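For reference, TrEMBL has these:
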TRANSMEM  50-72  transmembrane segment
TRANSMEM  122-144  transmembrane segment
TRANSMEM  150-169  transmembrane segment
DOMAIN    201-338  domain 'Palmitoyltransferase DHHC'
TRANSMEM  244-268  transmembrane segment
TRANSMEM  301-327  transmembrane segment
Amino acid sequence: MPDVRAPTIYPTRTSDGTRFTYCSNNGRFTLLVNNDETWHWNTMGTLRNVLIAILVLSLLTFISLFGQLPALRKTPIGWLQRALCLHIPNGLKYIDHTTTGGRLTSRSKRLGQYLFQEQNPVILIIFLFLLTSSSTLFLWNAFLRIPTTLLLPIPLLLFLPYYFTFLTVTHKTHFITPDNVYTRLRDYPYDYILFHPDAPACRTCDLPKPARSKHCSLCQRCVAKSDHHCPWVNNCLGRGNYRYFLALLSSLGILQIYGAYLSAYILLPTYRASTRVRSSNTWTDVGDAVVAGINEGGMSIAGVGLLAASTAALPLGLLAYHCYLVWAGMTTNEAQKWADWRDDMADGYVFKASRTQLLTQNRLRKYGGQPGVANGRGGGAENSALVGGMGGDGDDLQVPWPVYSDQMVVRTDDGKPPVGQEALWTRIWSLDQVENVYDLGGWENFVEVREGR
């Protein structure tokens, strides 16, 4: 005999006097409006499918955004990101070449080139559309059901994400040009690890490379204090607009949390009313009560609230990661470089020395005066390989900076110190043995970002 349960009735009444009755029987949900049956909904199945769809979408978005981060590169999230963004597309390309001779690939190549290898506003437009449509849909149906005290913060909370998006998108002064390159060269000192004063000029821009800068292949410009190119805002993040991006993440996360709270504020009375009439609390009963609340708000309130609650972790998680980078005195670009150094250190290929000692030894080899280390004789030609990145005699541009370090770090291909100056070099095994000159201390780092530096 199948398990047949008597239906559970949840009566409610709206502000205009319309009487809604929620009837639950074995997980099947029936809505009566003034005693006329209007809708049937398989509660647990539909609710489960909606939640699974939202969670899967959020997970895929999280993997795509965070999978390339150095901290996650060797984790399951990093593996899934490579599978999602590299292996699966390559597999589909192989199938296309095998079955159609590559016709589908050739037709979609231009679209893929535009979406992934050119600067374009597609993701920015999608973001603004979702933000605007969700907010409009929610407020249109929920405005009269929210008390004035809860309505007051809404204009400001809605305005801020648009405002910081505008500032992040339109900011251009972080691009390095012939007019400002020498100003940018005085922003930060070279650390002789990630950045060297004698690095070749940018082959595309034909400009010197200031410390902490990077050329963006999408923007086709060099970026001062480059963090990363963000397709979300269709712009590079760097010196000046990085602070606006952090503010965008903060304001968006707060807006989503507040929107989810307002949705719960409207729907919880229905949920609580439905739970009071039940003596048991089985999963089916809880599901019935949840769906009763969801139906009370419909897609405009319950759907938007559920979407906001389930995706708020994305901007807030990204904000948490960038706050860690600021606290550590790094950009995303530099974090990737440090991750490469860490791997080479673990393999024993990295050595550290004093720049002052290297400069002294190099001058002695060039001008004479004392026995050289390499050949035991005074004089001799300068060995530029021993002071790579020191800018000739080491007279590089002096930049006022609160932190000074005399260190110089190199990696070698054979795991041996540079020939001729072995006594000056010490093998290092971890990042703890080197100093990040761009780390001014947690609070001071945040002050630098706040001031647009």
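Just so you know, glycine gets a Cβ as well, placed from its N, Cα and C.
Heads up, TrEMBL stuff is auto-annotated, nobody curated it.
Regional average pLDDT for the domain 'Palmitoyltransferase DHHC' (201-338) in the model is 85.
Note: the stretches the transmembrane segment (301-327) and the transmembrane segment (122-144) are in contact (3+ CB pairs below 8 A, sequence gap of 6 or more). For the transmembrane segment (150-169), the residues of the chain that approach it from at least six positions outside its boundaries are 124, 127-128, 131, 135, 139, 143, 230, 233-235, 237, 241, 244-245, 247-248, 251-252, 254-255, 258, 262, 265, judged by C-beta separation under 8 angstroms.
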